[in-house]
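Step one of this worksheet: look at the structure below.
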């Protein structure tokens, strides 16, 4: 137990007893919710503020469609570390990887939507984003690294008069003992668990089982399909990355600005060698360029893939052109760092650290028409990089084979006269 984290059970029980009664008595059915002299719209979620305790971060309230406020207590998952840490404005403590430099332990960013703050990894509903949705559809959002990702869910029709909100979903389910007993546990697991761990390789499931990651590429770009765990509901396929940019529609599917996909032609099916990008409502499609070199001697052609892959990568095929990563393997393991704060110059910087080298490599990418281009590579001594360590955070782990294949898909780089820098002109 972390000092200062203990909550008096009787006090929390009193809070939980008071919240539903007071909130429902003050709600305006079908319109908005009134709680603590503040007005909330359906789908909004918040931590209640009570005197004299202040904000109760271990309690979460949500305004429902019928104007009622549902409040529930969050439960913290068990931790497998000797010295968990407690961060401000959080309910649960978390483990910190002891191998991460202290300067890189930057708190994950929260999200702001409709004057409500959501923590990294938190799931919530925001119905007003899709006013033209069907009656059996709802809007589910997720906060990831300070960015809000939302999409439509099609919900099954409950076959009972009394319903409750599903955990990790915006759909409703029938009220029964199973749902009641698992609601708090499942919700807490998604909101405050380690699914979005700051170091994806810090978890260990077993001596021979690779630890999962929350990222789908060596650089940690957000995966296109946001998987939900709603019971019987449809997987979200619409992601809103930039609310001020126009989305694209192709073959009955909607893609947000900057999103990339393989088009489907009715006569031929999916086109794995064609890649389309949504650029502010315009579809920009081009042919995929396969790498000329592979980290293996005999790459194989696999059905559904445009480019050949190495046999060792077949088990990790996730039906995507982006190569998925697992935890670093020895030898040839790398750590990937990124800037803790967004860069104002539209450049994205990633630092690759090899444990066996006294240098790190800084890769600078530029976003051009929705596509990332590698524009510069710098080699910096580790001791010099440590001076800027507080500006970076650990993103993920990868190994040499995947990184080689990833870079092989970028435009050709020309080495300049300086041995410490590689540049390319767009």
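Here the Cβ of each residue, glycine as well, is placed from N, Cα and C on the backbone.
According to Swiss-Prot, the compositional bias 'Polar residues' annotation covers 182-191. Among the features that Swiss-Prot reports, compositional bias 'Basic and acidic residues' is placed at 192-206. Taken from Swiss-Prot, the feature compositional bias 'Low complexity' covers 207-216. What Swiss-Prot records for 31-96 is domain 'VWFC 1', and it gives sequence analysis as the kind of evidence. Among the features that Swiss-Prot reports, domain 'VWFC 2' is placed at 109-175. Annotation comment: Swiss-Prot describes 246-311 as domain 'VWFC 3', evidence class sequence analysis. If you look up Swiss-Prot, you'll see 114, 186 marked as N-linked glycosylation site. According to Swiss-Prot, the feature phosphoserine maps to 182. The region 'Disordered' feature in Swiss-Prot is assigned to 182-216. Taken from Swiss-Prot, the feature signal peptide covers 1-25, and the record attributes it to similarity to another entry.
Per-residue confidence over the domain 'VWFC 1' (31-96) averages out at a pLDDT of 79. The Cβ of residue 114 (N-linked glycosylation site) has 12 neighbouring Cβ atoms from other residues within 10 Å, across all protein chains displayed. Using DSSP to sort the residues of the domain 'VWFC 2' (109-175) gives these counts of helix, strand and coil: 3 helix, 31 strand, 33 coil.
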